[in-house]
Amino acid sequence: MFDIIIVGAGLSGLQSALSAQEAGLTVAVVEARDRLGGKVWSVPLASGRGVVDLGAAWVNDSMQKRVWRYTQMFGLDVVRQRLEGQAVMIAGEGEGGRVEFPFGIMPEFSAAEKRDLERVRDHIQAESMQTGLPSQEQDAVTLDQYVRDLGARPKTRSMVNLWSQVMHGVESSEQSAAFFIDYCRRNHGLLAIRADDRTGGQYLRYHQGTSAIVEGIAGLVGHANIHLSSPVASIQDHGGHVSVITTNGNTFQGKKCILSLPTTLYKDINILPPLPPRAQEVYNSTRLGDYNKAIVCYDRPWWRDQGYNGFFMSFNGPVNLARDTSVDEKRQFSLTCFVNGQFGRDWSRLRSHERRKVVLEQLAKVYKVDRDSEVWRPIEIFDQVWMEEKFSKGALTPITAVGHLTKFVDVYGKPVGNLHFVGTEFATEWKGYMEGALETGERAVREVMNMLGPRSTL
Ligand SMILES: Cc1cc2nc3c(=O)[nH]c(=O)nc-3n(C[C@H](O)[C@H](O)[C@H](O)COP(=O)(O)OP(=O)(O)OC[C@H]3O[C@@H](n4cnc5c(N)ncnc54)[C@H](O)[C@@H]3O)c2cc1C
């Protein structure tokens, strides 16, 4: 009998395991996939030029202390997000819809459009610097309705929709204003989420890829304590102990169980006794976004020759936003294109070669190049669709149904019997990010220890 069985070997599960061991407890980590890391997944390039991150990529040294501690502990090399050069905004069809601008999140629209976008952005930023939960009124309307009610002009609404697509993989009409504002509140505000410099979430990347953090933590936990290729089918809380049963017939017995999957996946597991009705209602209604990456690797960073920094946004899709994700030291030159929300849903239905074709066509259009351009000669392309991953079913983090964030705050993420819940969606800081996943892992073990009271072991 283990002290704690942890379901899932993503960052929240692995951090739970490590924190539990540090508290003197024994653990078994039971993971469905044949690899570690969940939504962290760095894969090597066939060319031998380093890796690309199909999932999480960016970190911040001053704002994400847990991730940064591991960065230093494992001696990882970082590269600063490259901002030098012009960014491009595609806000409409034709030449008139294309704007080049220096790095920042505010493209040069007309004066009136710019004023309107700044007004709504500043309103959301001010809301996101408040504390506590947003109001029930904000939870009762979609984000799109919320900005319409603020009198937003069409371009402003499109920009808010783009934020929704790139932050959560859904349209602004598919999440409540409260969910969006709460997410911003937990993550240092809208501007920090959108920023690619030292003030925000897209500041640094790793030469070794983010999987190096996962591998490092797993090494500390001990690979013998982690059971891969073991999808959990059933969790039975007997009161005195918990049985965790996998689809391949193995049973793990523990005194407590920490569940680290996104809540959207809870319904895939037979939990007995069933979770309380209100917990089931909120968890059964969360959804994950269509959150995809097309990573296009080149022999050379040709876009820099033309004065571009590789950052572009598009209201026309299918790519909503792209960034230069090169690691020059390894001669890994890539553009990472996010194909999210409705565009991502449509794109994921295409065959792989068609997905790649439409992305290259869009790059050619954004950078105004002809058929002779290097745009058409990538050395490798990845088209990662997270909705197709059976043990993720989308990304970035589960989104509560309209009205549910405030209605179910008393049960959401709260322990039930011997079951405890972790995962980036429950993070109080950097929700949706690796840092947030680590935070919940640490917190769950404190929660378990506090419930034990003066007894120091289970
Ligand atoms: C495309 C993309 C880009 C991202 N970019 C960034 C970024 O730049 N910076 C950043 O900080 N974060 C980023 N993230 C988010 C980051 O990856 C996540 O916040 C974090 O990894 C979530 O960790 P987790 O432990 O909460 O969940 P997960 O990683 O989802 O872990 C859950 C684990 O449970 C396992 N599991 C599922 N079902 C079962 C079952 N039945 N039995 C056993 N195991 C099961 C899964 O296989 C998985 O390993 C990105 C994510 C994606 C997908």
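Cβ atoms are placed via backbone N, Cα and C, with glycine included.
Values in this document were obtained by computation on a predicted structure and should not be read as measured data.
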Given that TrEMBL annotates GLU31, ALA32, VAL232, GLU425 as binding FAD, state which candidate in SER12, SER16, SER62, SER211 belongs to that site as well.
SER12
Whole-number answer please: how many Å between the C-alpha atoms of GLU425 (FAD binding site) and PHE338 (substrate binding site)?
21
Please identify which of ALA32, VAL232 has the densest Cβ environment, defined as other Cβ atoms within 10 Å, among these binding-site residues.
VAL232
Measuring CB to CB from PHE338 (substrate binding site), give everything in the same chain under 8 Å that is also at least six residues away in sequence.
GLN165, VAL166, TYR291, ASN292, LYS293, VAL319, ASN320, LEU321, ALA322, GLY344
Give me the mean pLDDT over the domain 'Amine oxidase' (11-449), rounded to a whole number.
96
